[in-house]
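Novice: Handing you this structure, nothing more for now.
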Amino acid sequence: MIARIRAREIHGSVKRTSELARALTDASTVPQKMNCLRTLRAHRDAAYCAVLSKSGARLVTGGDDRLVKIWCAYNGLLRVACRGHVGEITYVAIDAREEIVASASTDTSVRTWKLDTGAPVAVLLGHTRSITELHFCPKAPHVLLSTADDGTIRLWNALRSSNVVKPLVIDMTRQGAIEGGRVVESNDDDVPLATAMQDGVAEGQMRTRGDQLNSVASPNAGGNQEECQVICGAFNASGTKFAVGTTFCKMHAWSLDLGAFDEDASPPAEAVKSMSSSAKHLNDIASIFFSHSGDRILTSSKDGQARIWEVDATGRRFVCANVLTTPAEAEALRAQLMGATAVNPRRAPTVPAMHVAVWSTDDKYVIASMGDNSIRVFDAFAGKLVHSMHGHTASTYVLQSNPLDSRLAMSASYDGKIIIWDIINGVDVRIFDGSHYNTQLVDGNWHPDGTSIIVSDLSGQFSIFGTGDSSRLLRAKYEQFLQTEFAEENLLGRSEGGHLIDLATGALLNDAFPRNLLCDAMGDPYPDPYQSAYQSGQLAAIGANFMLATAPVPAQGIASLAPVDVEGPWSAPEMGPEPILYRMSDDEDEDEDAGAVDDDEDDEDVQIDEDEEDDDDYDSDFERRSRRRRNRASRARRRTRRGRFDSDFSDSDASEDRATRRSARESRMPQRLGVDAYDTSEDDDDDDGQPRITRRRRRELDDLKLLSNDDDDEEEEEERPKKRAKAPVVSRADMRLHDAYKWLCSPEITVGTYVPQLGDDVVYVAQGHYEYLQDAGRNWRDEAPWQTLTSMRFVEPCRVTSLRYVIADDGTFDTHCLVTLKLMDESIADAGEDFFVRLQRSESPDFLVPLSRYSTAEACKWKRGDNCAALWDNTGCGDMEPWYGMIETARKHEGKWAGSPWNALSVQYFNVQNEEDRFMDHSFWELYADDVMKKEHAKVMYGASSSRAPRRAKFSAVDENTPRLSAAVQKELLGRVQRAANHQRFEAFVDVIGPNETFIRSREGVSANYCSVVPVPMGLSLIQERLRNSYYRQIDAFKSDVELVRINCEIFHGESSDYTAVATDLEDDLLNEIPERDDTELVSSAASAMKSYPAIVCEQPPQPAGTAENGRVSLCVRMRRG
């Protein structure tokens, strides 16, 4: 009956209800007919919110790009983008009349908008910390409930700004004190909304429900008993009661007198009456819901249990009617309760935490998401566990019962899976798996018709699942952004009400753009006739074939195209030998002939001493592979687009800043299938090929006096949405940018790339060094060590015995690292001999490999068909992520490098966008065991450790044998450094000196930029951070950094300066009585266990090595120790 009544309310047809009732005879009927109909990109960053209106006609999304966007849920077309927040969107809600949308942000404000036009309605200010939830009153839709981490609950008038109508405030930090709402009679109490929006966003604000709950419910949280946070809230169906859950483990409820409400004011204090409650949870309340009928309340908690509360006979008190848990867990909680004290009301759970619990549609069952990744079903009346269902591998915070069929429930998880459950039989009836491409789901809803689902993910997309065909959705572009989203901040202002206005016209932002063009993610408007059809509202008149006219795959009809074009990560097939074509963007209509020309041009860039006949054997194989690699990179650059842009948002500057400083490995990175490609690639379509200057970079250049006024004028003259003219960003002799040396100043290890440390045991790969020199444009004969060490083999175990640094004189002024290596294998004639290599920022793979990584990878004995993983830098700033694939074949080198293991394995990637990038060459030490990497990947994404042990880099556990200092040694060294940093005498050596700081040099008595003289700045703060991050692999590396502080003083001020004398004392204090390393025998044993490779055949006479240390400034300073 409930299903019939609700269906009639939604559809106005009993016939439709009857059809659904027949279809639902078998609970699996509808889910089995559901498929992914469309995946659309809604936001340029994570889309944490996706909410459907009561009728299902409108979808509202909110994301980290600070936008609230309103969509037509039927055809997937964007209707309006609401812009005004200055922080990420954390929660959105739609009122019961489907007139108003409310949004909350990390800027601690609430804004309301008109659902049909997106026009701003009100700005609600008052919260001081992150807002956790928003809810409209079902029977008084102008009343909006908000809960927040500041410990207050506020009832707002959603139609009037807070400087006009004050909210009713319930302060839980003051025992629930209530202050009634009122209308402001004068301007004396007005809140300056126009300026309030300029405040910065509080740091550390939690966004997802998982982040919020894990933050407040961790065992170490809650030390301050005075800070009460309100986590969740809810209204009952009649709107006469509301309840909240807090970090004080209690549920609080109030009754509302709807007759006392006035649409021109907030609810008065006398209309709100507190209702007491008995008992409480043992930990924070994670979720709270009223039953669909009646006034029963369901709460879930981090203590692993759910409670059902009912109103007692007096009607003024809620009592606990049932506790939902298992007998074993109930006993564990009872023991914990008996041993608890009143010091801290929150206790770490001894059983799996409960993330969220919801009612079934008929209120007979409770479905709960648990910390062990299971989904449990409880009998709401008997309080017994009915089913424990498994299918997810990560935390689940999206859980909903089907609005029409009480037997069905839907869960969506961080593991990328959507599972539809039959809660009566305790089985899954449909699984949509997006885990192949690291999809992380953060919000989702059933459509009110009960036959479709919408979910959003951390990549800014939302996906629609349902029955029937997807033709109505194929007319919507994958990327949908509006012109107003790209309007420059300096062209916008704030009205007195705090709304964004166009300074040129004085009109509200949306009114200033009457023809708000639909654009792609780059801000480029779509052309006619599509644009005109969209603007006129007649887009449905355009045939689906128009949408497919420029697709790079044949248009064989909607049905055949949908699996590869529409479903995205949800259409992941079982990976077989047959290639699969994917298209993620609607406007990828590149001319193939032009692409061929570009490839030819790239080929011409590879110049390798063709005039010298004796190099042919070396160069032929290298030239083929280099051309293949560079052509692949050029294709990826042409076909990809960046996901963030230099718009009015300050944090997008940071993303672009990362994009302008590409990592070395990214040039070889294939384009990942799905949304990740939009966040990591660079737009190379402009002619000059220079990196874009962002606002952050422009400020840095201004400080360094490296930006001319002409560049400023040129920037100001550009019109939007035209792309900015690009200008070069370079260092110069007397002023170097941080990029010139930052690769040597990282505070933590980046697993997957090698940065040398003193004392490292490494494997030197000769062919890799050869290609590295070729890529750098250096003469390999001058630097190749096998020219003089004639017994050297393709692969040699070595130890780093010396590190020196030099500022290059090649016009880049980058810092190069001169690494001295000692041959450690005693079985060769040159054992114990030293040679050096010169490292610089490069796009080539590493040819120095940590011995532990090499040995672990060699033991894998990779063969064709083995699943594997490789680490790639997805962001360009050292944030490595795993890519999964399969060994396709082992290739053999020819000529002089025959038998070399360098790039000898061809890997077929599972998750690439362009077919040309499906196969990539790798060396075996670049590959990781698939199962080990997936476990570590899951820990990185979902299981952050709360241990107090020294922190370790991401994915460091994939190599268990990686050497590192023991925790005891790190603690001892950290104590020494902290004591030195607190000593006033050593104050000058604490901070790392930045690139724009100038000092008087003691020796010359003249002013000079510090980083233009010193190749690698070092300070105690960086040493401390490295110790905390378990950066040092050997004690010698710590010694090297400490000595570097003194060496820098000698370079800048001279050996006899007072600064150097103090730095020498600092070195003595820190390195006094530190033991020397003595593990030569262990290294020799590991070296002897390695597979032996042939010696390099050298046909050239030995060349004198006199150019390796060329540079303007070198750290060739006597080391006092070691």
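Yeah, the Cβs are placed from backbone N, Cα and C, and that goes for glycine too.
Whatever TrEMBL says is automated annotation, not expert-curated.
Feature table excerpt (TrEMBL):
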| type | residues | note |
| --- | --- | --- |
| COMPBIAS | 586-620 | compositional bias 'Acidic residues' |
| COMPBIAS | 625-642 | compositional bias 'Basic residues' |
| COMPBIAS | 655-669 | compositional bias 'Basic and acidic residues' |
| COMPBIAS | 679-688 | compositional bias 'Acidic residues' |
| COMPBIAS | 709-718 | compositional bias 'Acidic residues' |
| DOMAIN | 1009-1060 | domain 'Bromo' |
| REGION | 568-728 | region 'Disordered' |
| REPEAT | 40-71 | repeat 'WD' |
| REPEAT | 82-123 | repeat 'WD' |
| REPEAT | 124-166 | repeat 'WD' |
| REPEAT | 278-312 | repeat 'WD' |
| REPEAT | 389-431 | repeat 'WD' |
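How buried are the listed features, and what sits near them?
Specialist: Here the domain 'Bromo' (1009-1060) is broken down by DSSP into helix, strand and coil counts: 35 helix, 1 strand, 16 coil.
Sorting each residue of the repeat 'WD' (40-71) by its DSSP state yields 0 helix, 16 strand, 16 coil.
Away from its own ends, the repeat 'WD' (82-123) comes close to residues 45-46, 48-49, 51-55, 57-58, 60-64, 66-70, 129-136, 138-139, 141-142, 144, 146, 148, 156-163, 193, 196-202, 205-207, 484-485, 497-500, 508-510 of its chain (Cβ-Cβ under 8 Å, at least six residues beyond either end).
Confidence over the repeat 'WD' (124-166), given as mean pLDDT on the 0 to 100 scale, stands at 92.
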